[in-house]
Ligand SMILES: *[C@@H]1O[C@H](CO)[C@@H](O)[C@H](O)[C@H]1NC(C)=O
């Protein structure tokens, strides 16, 4: 099967997407490590919450449970589960910060119930609160409540890095991700919210959801009675599929060129079964497409 150029380009970019991203192998930042530690701590809180609790409801059980709840024993149990023994950097951070965690557990957790905020943001200054970025934890573009209008990712959000600018989700553009990309139309817009919705597949640009709302038709479609209609490339005067014996199939917006069943594909022809076998039986002969 041979694909037209546009489809081939699509396949190529799909392949590039499937390759592992270079970030995947990056070491976690100090903020990510801190966040990981806090996540594990919170998990430890959940795991120890029901401990020493038989499920009954006796006065004795309630008393021991409430004592255990804020006990140093429970803290030690949580700390023990924080780092894998092989995770050197986690253990190093834990060792250096154990006193902080103990102080929080014994004295500060009522005043600062959010451990991430108290530990990673306020105390160690490794992270920023959600919606803020950079060394001084400034508000992201579009404000810390809904950075990038809720339509993008703020560079450095929640870390001490980045520049607070927006990387918009698909369909959105502009410094605050409030504008619609080509191929999308604005389906809702007020002071705080902007929603962009995909055009019909037949439109390159549009003002609404159907093929009658196109501003310009997409490649492979033509304007016909006020709507963009599919071009049947296979019935055009100029043949779309040019190899010998090749079949053409129209698809929405495009077409495919396919050799008939049992035919062998070569660069410039579909070779019928009998001829293909003959070629295979004489290995000294070069394959047809190099035989120029
Ligand atoms: C803007 O639209 C959003 C989404 O429909 C809605 O939740 C919000 O209340 C609207 N705001 C104003 C100011 O109209």
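Positions of Cβ are set from backbone N, Cα and C atoms, glycine also.
Whatever TrEMBL says is automated annotation, not expert-curated.
What TrEMBL records for 273-284 is compositional bias 'Low complexity'. What TrEMBL records for 168-177 is disulfide bond. The domain 'EGF-like' annotation in TrEMBL covers 136-178, 230-271. Residues or ranges marked as region 'Disordered' in TrEMBL: 273-292. Sequence annotations record features per position, and here TrEMBL assigns signal peptide to 1-25.
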Within the domain 'EGF-like' (230-271), residues counted as helix, strand or coil by DSSP: 3 helix, 17 strand, 22 coil
Within the domain 'EGF-like' (136-178), residues counted as helix, strand or coil by DSSP: 4 helix, 11 strand, 28 coil
